[in-house]
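*Asks:* Can you read through this structure? Questions will come right after.
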């Protein structure tokens, strides 16, 4: 599914219609940023065999139609990997009580409204997604998934394959969500700190971290260790049934009791793989804004973790940016 | 939230009845997040229709919806996401009679996504009267905030001063401008209505149409009427000469006025000639002159709205705008007001203000910037509204689950501060000085020998104190009533009362130290006002009364950028010309504010 029905040509100023529609945001970030957004190529990759983009549609045709409808000037592709081509019921997002990939939908919606010129939305399981075959070169890529291991694998493939120089990885489960930014060519970012490395390829003592780190970080370390040891599904990550194993692992992984994630936070993470829409709105809004910062070069980019949990620990409710890096 | 689960939050949503006020920038995002979160009984109110400039962020709307009701279109779009939800949409003003206290009582929580102070204050009062928690929100550009208000437990929306529209004394606007905004306000509020519409109150009392005043001030603009047979272009050129040459020359000749500043310089005739030449050239080129939707600047090839026009270009736009308006919009002449979405009016105000700026040696502005200032355009982006909608729903869930100790006021910002993109503080306790929720007495300084009852009602009670239908009593004497249920003879009686000076009111004059009881049954509000007589010396000031109490605060722009002070709004009026001896003075907001922690955070409205 591909379209370039609107004008998305490089260079040049804004048209009169673009000025009229985008007036309120041009007043926020200026014409130069708006042109940069218009010329940017962004990929949103959802590690799922189900092309359900929540309120934006539940089939690739519907998603494509809605995005073109929202921004006819955007060149948009919606791709579903061949292994999952037939999936997608066309049913309403909430018909089965399943809300779909809400955070990805939030980011796609926000970037479409912002006026991104080229957008590719790709669905496919991490295990079988041939990125080089489906994704062209982009300025920024955003990867969504439920499994930390799966997200990391795809993010690193994008970077090593030269398909994107700025890659955000993100996930929301229940009321817990995070995003991680890889930008290896930017001197402000660690070259070697991958999502996996930050979460546990090395011991906790080898990670440079702020004195008080959000409890979500330690939760993700434990979840990553659990996944590496064979826990969790390929795509869905661990379930509530794996709670005891994860809590037990927390003791081994994080010796300091004061750093271990509270049990309630662990429960909230494991309770459901469904995304809490309010949390998706917060993380999706923040993440889209970070993408715009990356495109425009304006503003202070998140470096390198962003955590948000709606409840479950004392630091819940804070949208916290933390730098967790390996020594170079 | 201790003890909360995603399922618990969802159950609370499913079983609750919510009122969402506003279906604009925040409202569209909020409605989407509500239905996705499982809210199944939602009532939505918005009085606006969809505009093209909404489409960058109000994602439930499309270009084909322009002109249609926001509330109804938002409902339609939300039902596609959640067909089983019950969404009642009202296209109307939340201040309307049918949205009374009983209406508000029928909801578990009220969620505000409003864009103007007046409606926010009204909803605050209605939720206080109904005893229903209110989740209030606002955004401006990258910034936003969400606050929870609960009667008796937390501060109400009006416990803290709020930014109010900036006002400018007419003498500055009319005679001694020194900033671009002064020239823009003059063009928008005095010249434009003087030429094409019903003059504003300020222009009627102080502007076009009066004879020159004595005492060294230019009191009016002497503008000819169009002569029979005179071409529209020729008339435009005549007006141009009268306004920018004759009137400026007359003003510059008043030597007393220019002892401490440089006098303005009349527009040179060579510049006028050059500008008229551009109009003639555009016409002879056979461009689409005057087509219904065509603006003068585009006919003249001035398509870059971010460029600052030359003086000759401003002359050409000024004259050609008059020509197009008179030739192609003749039926509207006498009824036009400035409309930021009507390109001809933006062209006119841009050209007129820049020509005036040129005469006064003030930097000129691009059409884009003039439009922003004249239309009080609040900067708005989708991402902030999305974040705010998530925060509103999270706070609403806490309220519905009665987890009040977890309720937070949250501020959204562009760049992290100490690592945080969201700053949170606990809600404040009610302010004992708040006349709205704490029933504190208001002290009012006015000139009781000059102010009429009508001015008291309109300027003080309705505009400054946000009453809707005030009733004014002194002791047992009812001086004034308002509302839709008055008999004809009562309307007549109170119409006569309005014209009376306060100190002369029969039966119980409103004089020095009078205690005035003001009630508003529609808002379930009652306030005692202690009146103190004061003579306001500075007639040129925009202030002619002073309200003491937690009423309204600093003017916009006094703290931080003015663009951070509004809601996600297209409609608030920023530029207000206040006639001499008219207008509202802010309260002494500094009283007792030092201790209030939340003052450290900027409040968006």
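Using N, Cα and C of the backbone, Cβ positions are placed for all residues, glycine too.
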*Asks:* Do you know which of B:197-232, B:233-268, B:269-304, B:305-340 TrEMBL annotates as region 'Disordered'?
*Replies:* B:197-232
*Asks:* Once the chains shown are all counted, how many other Cβ atoms turn up within 10 Å of the Cβ of residue B:434 (Zn(2+) binding site)?
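*Replies:* If we count other Cβ atoms within 10 Å of residue B:434 (Zn(2+) binding site), we arrive at 19.
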*Asks:* Name the residues of the same chain, 6+ apart in sequence, whose Cβ is under 8 Å from the Cβ of residue B:156 (Zn(2+) binding site)?
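*Replies:* When sequence neighbours closer than 6 are ignored, residue B:156 (Zn(2+) binding site) has B:124, B:128, B:149, B:430, B:434, B:436, B:437 within Cβ distance under 8 Å.
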*Asks:* For residue B:159 (Zn(2+) binding site), just count the other CB atoms lying within 10 A of its CB, please.
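*Replies:* Other Cβ atoms found within 10 Å: 23.
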*Asks:* Per DSSP, what is the helix/strand/coil residue tally across the domain 'Ubiquitin/SUMO-activating enzyme ubiquitin-like' (B:444-534)?
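*Replies:* DSSP classes over the domain 'Ubiquitin/SUMO-activating enzyme ubiquitin-like' (B:444-534) add up to 26 helix, 28 strand, 37 coil.
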